[in-house]
Amino acid sequence: MRPAHAHIDLDALRHNYRLARSRHGGRALAVVKANAYGHGAIPCAQALADIADGYAVAFLDEALALRAAGITAPILILEGVFDAAELATAAALQLWIVVHHEEQLRMLEAAPAGISVEAWLKINSGMNRAGFAPADALPAWQRLCHCGRVSNITLMTHFARADEPHVLFTASQIDTFETATAAIPGPRSLANSAAVLGWPAAHRDWARPGILLYGANPLPGADDGLQAVMTLESRVIAVREIDAGAPLGYGARFHASRRTRVGLVAMGYADGYPRSAPDGTPVAVDGAASALIGRVSMDMLTVDLTDLPAAGPGSRVELWGPQVAINRVAQAAGTIAYELLCNVKRVGFEYHRRDEGL
Ligand SMILES: *Cc1c(COP(=O)(O)O)cnc(C)c1O
């Protein structure tokens with residue numbers, strides 16, 4: 001069997017969720033959109049079921065999958081509903097909906113009597129993507145109150161630059177949100193992962209941690225106590241030696257500067273490992289630091305075993321995980337951990353839980 005796997009450490013996921021909630025205080029929605037950032041939404045949600053205050057997904061179908069899998073806790077739909085039929089389904093399944101634009105307000109006002117949902121009113125405090133303008137916060141809240149279809153209202157906003165600790169844009173967003181909502185009662189939710197870890201001034205009633213649950217710190221360089229949840233790994237399937245000056249792989253991107261032992265690894269961009277990863281991108285071979293050499297192919301990639309004489313066919317290769325921080329791979333490849341994680345596919349997924357069955 002092909003040795004390419006994603007191991008998912010559900011204890012690490014639980015650790016990270018607890019860390020998020022204790023750093024933030026109050027309650028926390030575990031963000032499991034996009035198949036739990038590539039980790040598997042259902043197993044991840046189930047692993048958190050006894051400790052999570054609730055979940056957040058992007059759209060209705062993601063929530064329906066969780067309900068069908070037996071998740072009974074609150075689930076917030078971050079994009080809200082797209083039409084009246086979705087609103088009716090959301091209400092029937094007691095899903096919570098974000099209301100971020102005029103059309104969604106009108107849907108609620110036009111909904112038949114008997115529909116009742118919990119709404120999160122989203123205010124645009126500076127990201128300028130979704131949400132009501134600050135000046136419209138109070139009128140929108142009043143319309144929600146008066147439409148008779150909303151049981152409870154939470155106020156929320158989302159940060160554009162919370163992952164940049166020294167940039168004051170986040171402080172200005174907090175300020176804009178505070179001013180816009182000063183006259184409105186009810187719980188608040190501001191903090192994504194970066195704000196949970198880096199912006200205590202944004203901590204309110206509800207946190208919305210996503211990426212940190214999966215063990216990747218969105219803030220640069222901080223030692224954070226997070227644990228990697230996914231280990232993407234495979235094995236060396238063949239070894240060859242090439243002479244100094246010899247090319248390696250597609251495009252002959254890499255040329256050996258010395259006689260080089262090349263390990264061929266069963267992992268490629270069709271599995272989600274980034275083709276943009278340059279020579280020198282970190283990997284771990286049987287626990288020892290090494291590096292990618294040569295261009296990543298669809299099904300295979302090559303690593304440098306020259307300084308690891310004990311390594312050979314069958315050696316375990318970690319592409320990211322506890323030994324190779326995914327942020328280092330993302331940085332080398334010119335992307336972010338979010339994208340790498342969401343892209344993992346085709347490999348076998350294995351879920352581990354130490355205390356399973358207890
Ligand atoms: C995705 C998302 C989050 C989680 O963001 P992270 O950076 O992964 O913590 C929180 N809030 C909203 C509105 C989102 O869309």
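Cβ coordinates come from backbone N, Cα and C, glycine included.
Curation does not apply to TrEMBL; its annotations are automatic.
Taken from TrEMBL as is:
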ACT_SITE  LYS33  active site, proton acceptor
MOD_RES   LYS33  N6-(pyridoxal phosphate)lysine
BINDING   ARG129, MET298  substrate binding site
DOMAIN    229-352  domain 'Alanine racemase C-terminal'
ACT_SITE  TYR250  active site, proton acceptor
- Using Cα coordinates, what distance in whole Å links ARG129 (substrate binding site) and TYR250 (active site, proton acceptor)? 40
- Message: Test of understanding: give the count of other CB atoms lying within 10 angstroms of the CB of ARG129 (substrate binding site).
- Response: 10
- Message: Considering every residue in the domain 'Alanine racemase C-terminal' (229-352), what is the mean pLDDT value?
- Response: 98
- Query: Got a sec? Which of these active-site residues, LYS33, TYR250, has the most Cβ atoms within 10 Å?
  - Reply: LYS33
- Item | MET298 (substrate binding site) versus TYR250 (active site, proton acceptor) - Cα distance in angstrom | 11
- How many Å separate the Cα atoms of MET298 (substrate binding site) and LYS33 (active site, proton acceptor)? 27
- DSSP says what for the domain 'Alanine racemase C-terminal' (229-352): how many helix, strand, coil residues? 20 helix, 46 strand, 58 coil
